[in-house]
Amino acid sequence: MVSILSNIGMMVVTFKRPSLFTSLRRRSANNIIITKHSHPISTTRRSGNYKPTMWDFQFIQSLHNPYEGDKYMKRLNKLKKEVKKMMMTVEGSHDEELEKLELIDNLERLGVSYHFKDEIMQIMRSINININIAPPDSLYTTALKFRLLRQHGFHISQDILNDFKDENGNLKQSICKDTKDILNSSKDEHDNLKQSTCNNTKGLLKLYEASFLSIENESFLRNTTKSTLAHLMRYVDQNRCGEEDNMIVELVVHALELPRHWMVPRLETRWYISIYERMSNANPLLLELAKLDFNIVQATHQQDLRILSRWWKNTGLAEKLPFSRDILVENMFWAVGALFEPQHSYFRRLITKVIVFISIIDDIYDVYGTLDELELFTLAIQRWDTKAMEQLPDYMKVCYLALINIINEVAYEVLKNHDINVLPYLTKSWADLCKSYLQEAKWYHNGYKPNLEEYMDNARISIGVPMVLVHSLFLVTNQITKEALDSLTNYPDIIRWSATIFRLNDDLGTSSDELKRGDVSKSIQCYMNEKGASEEEAIEHIEFLIQETWEAMNTAQSKNSPLSETFIEVAKNITKASHFMYLHSDVKSSISKILFEPIIISNVAFALK
């Protein structure tokens, strides 16, 4: 908040702004005492009162994962060969399309599909070629087919779902029954829901999941999201099926918490393994492969983390900048969410270092720096020259030089591997980020309230996603084209859509209590001020914008792009991570399950003998 202390000619400025990777929410305001001429008389600085990390250097270095051993890799490779044989058998079958679809769906949910990319694409191409001559399918099969084809980049029309539309272009009421119909006409002799009704719910669940892959101007799919959601919520409320169908309830509840298309892949895998092993039709070969692969990949992530932990300790920045958060593990979790596969360690280690500096600089702008210092730091970032350090206070000099070293390291690696000097693109992204930070500081300092459009134009930069994705582009792309470089001038659509969703999720996760303590206005408050809307109406509008932006993101993915498939996957996964990190309360528990807690494999000892 800003108040004028006219008797001494001073202003007390409180500024607080969340940015990328601030999942540990700030809890108090920042008081900076400056004169009306913006020259410090006295400065009351504070730490953020952040709690010490629960995953310190000793803990990380002491991590020991037995699944790093060669014997487990041998078993994994043997299981992979067995699964490939199974896939070849399934691929050769012309009659069991559903079996093929469910196999691919399970491989993806179990987190092992990356081992079988070629085999999966061969099956999907075959399904796509025969799509117009295949006989009519059930809702379950058709919805699953539609989602998987779109997910794998095939241009499949929503018209494949025409058999399930009524004359008005809506989902048939016979498919999506109301509560009264279910209660009165769908019970069996044991007063439970008929199996046909439970099967229908499986189909509606698949349709609900598929609807989130809609692109622009697909009103049927957008309306389908609402109608299937209503049915699935009623189904959960009733929960009257037998023991087998309690599994369906779990699947529905999980989907309603966060749509499949918006879920972080690694979190989905950890959850689904625990579900799959309780299914009566679970394939023991797939189950063992999934568990073993999860633990081996986790061992790779722990190795990444040990290396990063030593790097972080050697920088000495934790001691030099005690006001900043020590959240190395949380920062690396974003990198794991972006690309978890073991072959991407190089990407995870470098991008985690970049993210670490986002959180440090975020704390400088948010917690510690005066407005004068922030202006000097922003200018220094724009110059990207060690001589620019001369005007900075000592604590900023340390951060500034360390940042230059890390980003120059990234640029050197790209130059070495691709013969392209990307430093101008990297430094521009940092300059854009710091300018957006400073803009928000000035808005608050001057008491200015932007409208929603003006706020978002700046906020989609200040969230940090464009900067992270620019660095990611150069770290995951094998062939960097001139067209891809040119697209970075104003940030391509995929980056802007990802940043927009990320920012809106961050804003939804900002509590009203935080705003009272001095947080700047977010998109919700901007919309309320601009439209005279209630908070509930504003939240509903922001949620609508998120879904609309996902449609734009899906549309952008469906078009030819100069950007690599791996980069687009990173952009999507970063976006998915924002849904979880900002809107769920059990983040630390989830991080532990992904990075530190292996899955128990009861039969692995026997298998390895």
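Placement of Cβ uses the backbone N, Cα and C atoms for every residue, glycine included.
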Among ranges 97-101, 137-141, 267-271, 362-366, whichever one Swiss-Prot labels motif 'DDXXD motif': 362-366
Matching residue for the (2E)-geranyl diphosphate site, where Swiss-Prot names ASP362, ASP366, ARG503, ASP506 - out of ARG325, ARG348, ARG349, ARG383: ARG325
Mean per-residue pLDDT computed across the motif 'DDXXD motif' (362-366): 90
Alpha-carbon spacing, ASP366 ((2E)-geranyl diphosphate binding site) to THR510 (Mg(2+) 3 binding site), which is rounded to whole Å: 15
All-chain count of other Cβ atoms within 10 Å of ASP362 ((2E)-geranyl diphosphate binding site): 23
Greatest C-beta neighbour count within 10 angstroms, which of the binding-site residues ARG325, ARG503: ARG503
